[in-house]
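Copied from Swiss-Prot, the annotated features are:
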type	residues	note
REGION	19-52	region 'Disordered'
REGION	67-90	region 'Disordered'
COMPBIAS	75-85	compositional bias 'Pro residues'
COMPBIAS	133-142	compositional bias 'Low complexity'
REGION	133-153	region 'Disordered'
COMPBIAS	143-153	compositional bias 'Basic residues'
DNA_BIND	159-225	DNA-binding region
REGION	218-320	region 'Disordered'
COMPBIAS	228-242	compositional bias 'Polar residues'
COMPBIAS	274-315	compositional bias 'Acidic residues'
Amino acid sequence: MSSEDWDLFAVVRSCSSSVSTTNSCAGHEDDIGNCKQQQDPPPPPLFQASSSCNELQDSCKPFLPVTTTTTTTWSPPPLLPPPKASSPSPNILLKQEQVLLESQDQKPPLSVRVFPPSTSSSVFVFRGQRDQLLQQQSQPPLRSRKRKNQQKRTICHVTQENLSSDLWAWRKYGQKPIKGSPYPRNYYRCSSSKGCLARKQVERSNLDPNIFIVTYTGEHTHPRPTHRNSLAGSTRNKSQPVNPVPKPDTSPLSDTVKEEIHLSPTTPLKGNDDVQETNGDEDMVGQEVNMEEEEEEEEVEEDDEEEEDDDDVDDLLIPNLAVRDRDDLFFAGSFPSWSAGSAGDGGG
């Protein structure tokens, strides 16, 4: 019984102890909350804390150095909206292109060099073209054409009769062969004035020998002559020849007169004086002929330079030797001299 009582008592006691513990715990929790409320006063408001700080600062002002405080306010710049990737602004694209072009212009060229040319403007030359440019600069300049393209040219086809009826005075100064034609080409210049630039070329047609092809170059700088000399087309006017001395008479009467002349001591010998004058005239004529030959040779050389590229043939100007020889033959004969005859008569 006692054990059962104990067991029942233990059960009742255990139940009563659990209920008391729960009540005590709940009461204990209420006591703890009340204690916390009593021990922790509510926090003071913010303005009171700030006022206490101000009071502390005011109390410490006499002991602190005087300082001035400035407050600056910083405001962030307004944020620009980012450009849309799908449709960029044309102004932005234009600025980007300008920046790229400026950066490319600032870069020095790598394969380009500048050489000072002969002219005032600068030339950009690549490395491969440097040798070619130096070769071109080292070559001598081509000889300029003398009045080649500046004078007008007139070509006429005339017959023999019309060729001889030319009213201008011409002088032939040379000729040269023509490629593909058996007839040579004759060159004439105006003989009326020394400074006249008029020229004439005469050649016989290869198709019709009765037709002459006449090419006039340049213009006359003087009026047309009133009369034309018969030798104007071939050579210049030479000085008039000295009249030949007539041959002495071989009659017996003339021999007697000669003896009287030679025997007279007071009579001067006029025959020797005439012979000396004749020899002096021959020397003067020979000098004039030599001077004219030199002038013709110089003119042939000048005209050879002017006509060097006509018809793509070799320029070989042949001077007018035939006419010159004909004129020289006129003075080739020596005049008769009386000195030998006079000496023979005097000795007899």
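Along the chain as shown, the residues are counted starting at 1.
Using the three backbone atoms N, Cα and C, a Cβ is placed for every residue, glycine included.
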Exercise. How do the residues of the DNA-binding region (159-225) split into helix, strand and coil according to DSSP?
Worked result: 5 helix, 31 strand, 31 coil
Problem set entry | Local confidence of the DNA-binding region (159-225) - pLDDT mean | 88
